[in-house]
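Undergrad: Please read through the structure below; I'll follow up with questions.
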Amino acid sequence: MSIAAVTHKHVFGLKGDVANNITYLDEQTIIYPAGSNAILYNTENKTQKFIPTLERSEGMTVMAIGGVKRFLAIAERGEKPTCVIYDLHSLRRRKMLTLPDIESKARLGELQMSASHRHSKFLVTQTGAPDWTLHYWSWEKSKTFASVRTVNTPEKIAGQPAAAMLVTATSSQGASKENKEHLLGSIVYQVSINPTDSTQICCIGNGIFKLFRYQEGILKAVGTQKYDYKNFTAHTWTSDDRVIVGTEDSKIFVFESNGELKSEILHTHGTSQIPRSIHCIASFSKGFVVGCSGGMAALYERSEELATGGIAAAAAQISSGAAGGPGGQQGIARDLYRKSREYTLQDDAAKITNMAVSPSEDTLLCTTETCQIFSMSLANAEVKGEEAKFDPFAQPFHHGMITGMDTCIRKPLIVTCSSDKSIRVWNYLETSSELVKYFAEEAFSVAIHPSGLYILVGFSDKLRLMNLLIDDIRPFREFTIRGCRECRFSNGGQYFAAVHGNTIQIYSTWNFDNLGNLKGHNGKVRSIFWTADDSKIISAGVDGAIYDWSLRDLSGHAGFGIKREGESILKSCSYSCACATPDGKTIFAEIIDSQIVRELEADCVLTQVLLSHSGRMMFVGTASGAIRSMKFPLGSEPGEFQEHQGHSMAISKMRVSYDDQYLFSASEDGCLFIFRITDRDGRGMKRERDIVYADEILVTKSDLEEKNSMMAELKTRVEELKMENEYQLRLKDMNFNEKIKEVTEKFMQEIEALKITSTVLRTDKEKEETRHEEEMAEEKDRHSKELMELEMAHNAKLMAEYEKYQELQVKTAELQEQWEKQMLEMQSAKDQALEDLTRHFEVRLKEKQAEIDRLQEEMKRQLLEFEETTKETEQDADSEVLELKHRYERKLKEEREIVLRLKGENGIMRKKFNTLQGEIDAHKGEIAKMYNEEKKLHSVIKSLEKDIAGLKKEIQERDETIQDKEKRIYDLKKKNQELEKFKFVLDYKIKELKKQIEPREQDIQGMTQQIKEMDVELEHYHRANSDLDLTIADLKLKLKAAEKEVARERAKVNSGVALIRRFKVDLSETMQYIQEPKLLKTHLKKLYQKYCKESARDEDSMEVDIQQEYSRQREYLERTVASLRRKVSKDQMLHRSDNVRIMQENVTLIKEINQLRRDITGVKQKEHTAEMALKNLPPRSPSTVVPGEVTPGPMAATAPSEAVTATTR
């Protein structure tokens, strides 16, 4: 029992919902996400390296590279949002950052790593709804320096449903216009760090543009302008510390690092000047590139960089109201950047989501929302002319759920179909795409023939058998099977099985006959598996049933030779996949002889199960996208497996290559993974024989003739072009030779003229140098004199200034004394004024107290008056009286109770706020859950509606077929009535023939008795042969044991010879000391210890071990031989009765067949004689027909032959 090791080899696919999902590591290596892995793809040797994410991660959200492209940061969803840092040199995890203090539903929406310095250690993470908090990290210390909330106006967000915020966070174009206006200021799309200043951060979103700077331990906002009315979708930093920001309404803003707006550009595309919403921006040394909707991109360069102008961009004048800034920005530069080139994708409907520029700035890579990668050369950006097109990078990928996959035996091919309506053929040895074909409708299932020349594809209306041509996929046969979700070719390729609802139909690959229908499932069949010898089919369905179908003979009529040998029904389980061992005796999920013998519980949903062709390895796919290599044969413990990270969603299909070297998996995330299967030591699995793959391809005759004719035309065209080019080259050579002669003569004349002018200029230069030296000497003398005069003047000024300084010092001392005196006087005056004010306010306080007392007395008096007046006034005045009463009471108690009351209210409001905040958060979580459940239910409803529509069409077709069959039944009933008229004639003839058969039956009985006696003798001979085989096997085993013993004795002899040789060498060395007794004694002791004691001890121990092992092996072999003999005898006893019964049945069948043949010949002869007699009879009139006689006619003439054919059937 062992577990096979699985290593990643290659992946076809891209995870398109990850922000910043394409970047360069160096000139030859790019990084992009696929499934739950980050891929390092080398563009030169086409190899990939894999960085798996965390095991329990719910998927990546964003990637960033930093630290001079040494570290990779990946944000992942999970129970807690996590940011993991990986070392790109060792491909190992370096650090993991978590935020335990935020809600579990919040996600890390964006992150950007500072790559400005060689030792940059800063990281920015942006969480999602509901908190939208920006964190500034020192990731090596796992420490948060500062955090700030990035969304605007909490009052607006409070009424926003959490589900809507989460949806719009992933797509800036996903909401309606009213919803976007409602979400202004509540969603963040992108954050980044200034590459030249790691303390400056930019944050954009729907109605959000903010610049932060890390100062004094906090993130402070930079700039005062507000742009709350714009939906900012992308931004980037330039090399000169500017921020380029793009909007949804096709505007490009250029900001300085302090938030000052420098320019606004209206981005349009093509000659029609159509605005395109901007989704990504990438910068380089000369400018930046913008990616837009509709598969459009544009290159902008600085105005000073453009030598020839380029395509002018419409630069709008910024007014105070348009940009929301102050009115003093009328002098903003108009043409800071100009558009120099436009690019388009092959797919006009695709949206460019991310871009990356190579380190040498020669290549531009971009990814689209359809999970494709395109490349474009920037080296020829100055070339003018028509629009440049992006080229596919490597090969195109699936951009939808992969619904079907299969592998070929004779070729290294994989075929897949997806919900993107495409079928693709991949070569897993060359890691390339062979064929891509798009169809008008989605393909539900696909299977490839073992020869690799045909594929079987299930569509919603029909099942189609197609040819794999050199450059196309063409259908050539259709079968009326609607919505086929599973189809498989047999291993030999002569049959194929297809699922039609809850029925499996088996067809012949070569004559397309329906050989049988397997009926038994009550629900839809989800899995079909052929055994290695194509003698059995294992089927599993959603009804919890697994059936084992035996296909004994498929050469007869439909259904003949098909038998259901085993079944297992577990209605509480819905099976999605089933497989079996190569001998077909064991089915997994483990079912043997229709009984569940072992059940292993898993901690997640298992979607696929797969056994290798050798039957020694098992692999399982999970709903989380991981692949488990199980310990096989299965043990009793459920945890005996190795898990490998692959996909980010549930695995839909798994296959293994015919030589068990590669494992393939496809998933709902649209990725196709190729794994290499090795043992635990990393070695490849042993092959019984090397597989030579076929290189044949299918080509239609018309295509071949067309290519041949085209080649002939091209050859003639090449010959013509060669002759024309040779003639043009000769003409050009003649012209160039004449021009070279003219140019050389011209240059020789100019050289002579230049020599003369150079001599003249040299003499002039010498004269000028002498004159310049004289003038320099004069100027030096004059400057020295002026310098002395200036020094004297400045010294005099300095002395005067020093005297002024002394006078000012005296004045300052006097002023200091005066100021101190004034301060003392002012202090005394202040104290006196304070005493006066206190006395004044004490008097005022007494007056106010007296006034309060007077007012209280007056209030009492007024209360008495008020009580008297209330009896006379109406009930409407009661409210006014109460208000006056409360007002005067509040005035009396206001000074005493206001502090206590406010404190109490503050505590109560804080408690209420905390409880309401908790309820709001809980409601937001419930709303998000309900929204997700609603999505799931909508998808289920859509799938059920599709199934209902398909079933309605099927019912309609079946009604039509039923009507046709009823008509056929009516016609057959008429024929049956006519045939019954001839029945009594044939019955009489049959009775006569039976009388003739009886003596022959007696002869047959005698022959059968003789056959039985011969069978008994044959069994005796078989038994004797089996006994002889056993004795021969026993003798062979004894012979092998004797040979091993002989080899062992020879080894002992060889070792003894070697020992003697070594002893002789050591003895000769010892003989050198024959004259020195002491040394001789020591060396002799060493020889004794070396050769006497150890050899004796080793030989004794070795002989005992060898004898024990020999006896144990002999006993084991004798026991196995005895058990095998007993099994053989039992099997002979069991099969003897079956052989006798089968022989008897064969004899009876042979007798019946011979008898029927004789009956047929006799009936034909009698029919012929009857026809001749009828022809010789004279014709009768209708009135003379005897009652009860059969009137001959056309039907009567043909009826006997039809009756005979019916009898033979």
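Each residue, glycine too, has its Cβ placed from N, Cα and C.
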Undergrad: Between the candidate ranges 88-121, 836-869, 972-1005, 1176-1209, where does TrEMBL place the region 'Disordered' annotation?
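TA: My reading of TrEMBL: the region 'Disordered' range is 1176-1209.
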Undergrad: Scan 353-380, 521-548, 1025-1052 against TrEMBL and say which stretch is down as coiled coil.
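TA: Residues 1025-1052 are the ones TrEMBL records as coiled coil.
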Undergrad: Report the DSSP secondary-structure composition of the region 'Disordered' (764-783) as helix, strand and coil residue counts.
TA: 20 helix, 0 strand, 0 coil
Undergrad: In the repeat 'WD' (518-552), how many residues does DSSP assign to helix, to strand and to coil?
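TA: Helix, strand and coil residues of the repeat 'WD' (518-552) number 0 helix, 21 strand, 14 coil.
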Undergrad: For the coiled coil (1025-1052), give me same-chain residues lying six or more residues beyond its boundaries with a C-beta closer than 8 angstroms to one of its C-beta atoms, as numbers and ranges.
TA: 1106, 1110, 1114, 1117, 1121, 1124-1125, 1128, 1132
